[in-house]
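Sharing a structure, written as structure tokens. Questions coming.
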Amino acid sequence: MRILHICPTARIESPLAPDSLQYLGHQIERLGLEQLNSAASDLSAADVIVADACLDLSLAPAIAEAVARARISAPILVVLSEGGLATASAKWNVSDIVLTTAGPAEVEARLRLARDHHLSTASYDTPSRGGGGTSTASAPSMSGGSRTESAYGNGSWGSESDPMIVVSGALRIDETAFTAHLGKRSLDLTYREFALLKFFAMHPERVFTRDEILLEVWGDDYYGGTRTVDVHVRRVRAKLGKDFENAIHTVRYVGYRFSPDSAAARGDSANVHDDPAAAHNGGAVSNTDDKSEPDKVPENDKMSAHDKVSAPDEESAPEAQPESNEEDVKV
């Protein structure tokens, strides 16, 4: 694989980032940011661009813009320090991020996935990364969903004014501020509950198995079982409230489907907007750990009529807590 490594300086003595990149045996060409435009014609064959923004986070969007101006069509993998993760943004227009301390296996996997995804979408997208063209297919996003140009309607992600807003029915999710609102009511969600609800909102009316949800929301490095999906779905349903909880519908023996516009999900608009259980923190993701407070699922929801009819397989075992204390790390 041919990798173009862009860093603040092209000095040979400066270390590669991530550190493990040197052990993978790929063909690596190093350039300083100031050299990018002059060498653009020779770099069009790069499979992946690795942008080193460890020391200066402003380099991430700067490198993406320089790549766009140079009309280099290749996925961009940004290297960050752990402290820089909080600033990562889809507005950078990059394919993925990786920590400078990532091991060889992780770096190799991210390089391969970035390259393969770029190749798979190249035949559908008109090259438009800064080149003035128009894209005919949805562009990849860092959150795993698809970016659409409309900010309205179910499952839309992004708009010209704010590309980080997810709107699905009465549900509105701000990915940048980590807030979620149902009508006028704010939702008090943990980090993992927020990620789960956002995933559902971005894929309305699609049925996902528990394994698929676990992979998309928890990631392939999570080693717990799918029961944690059921636990978190219960929590999210409880926080959505009785008038909207059925938006997350259980598909018997399969998984879950999010149907924000179903008759059962719409409920009474007054209740949606003025639920007395509205959170006190403006809808921000909760900073309290799930393990430090009991699971706030209403008593009558522990075996609701919906669950009895739709998914008796879920109720065959008592509700379990998530397998890992790390899965709900707060923002």
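Numbering starts at 1 and runs along the chain as it is shown here.
Note: Cβ is positioned from N, Cα and C throughout, glycine not excepted.
TrEMBL: automatically predicted annotations, no manual curation.
So TrEMBL lists the following for this protein:
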{"type": "REGION", "residues": "121-157", "note": "region 'Disordered'"}
{"type": "COMPBIAS", "residues": "135-146", "note": "compositional bias 'Low complexity'"}
{"type": "COMPBIAS", "residues": "147-157", "note": "compositional bias 'Polar residues'"}
{"type": "DOMAIN", "residues": "162-260", "note": "domain 'OmpR/PhoB-type'"}
{"type": "DNA_BIND", "residues": "162-260", "note": "DNA-binding region"}
{"type": "REGION", "residues": "264-331", "note": "region 'Disordered'"}
{"type": "COMPBIAS", "residues": "288-311", "note": "compositional bias 'Basic and acidic residues'"}
Can you tell me how the residues of the DNA-binding region (162-260) break down into helix, strand and coil by DSSP?
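So the counts come to 38 helix, 26 strand, 35 coil.
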Summarise the model confidence on the DNA-binding region (162-260) as a single mean pLDDT, whole number.
88
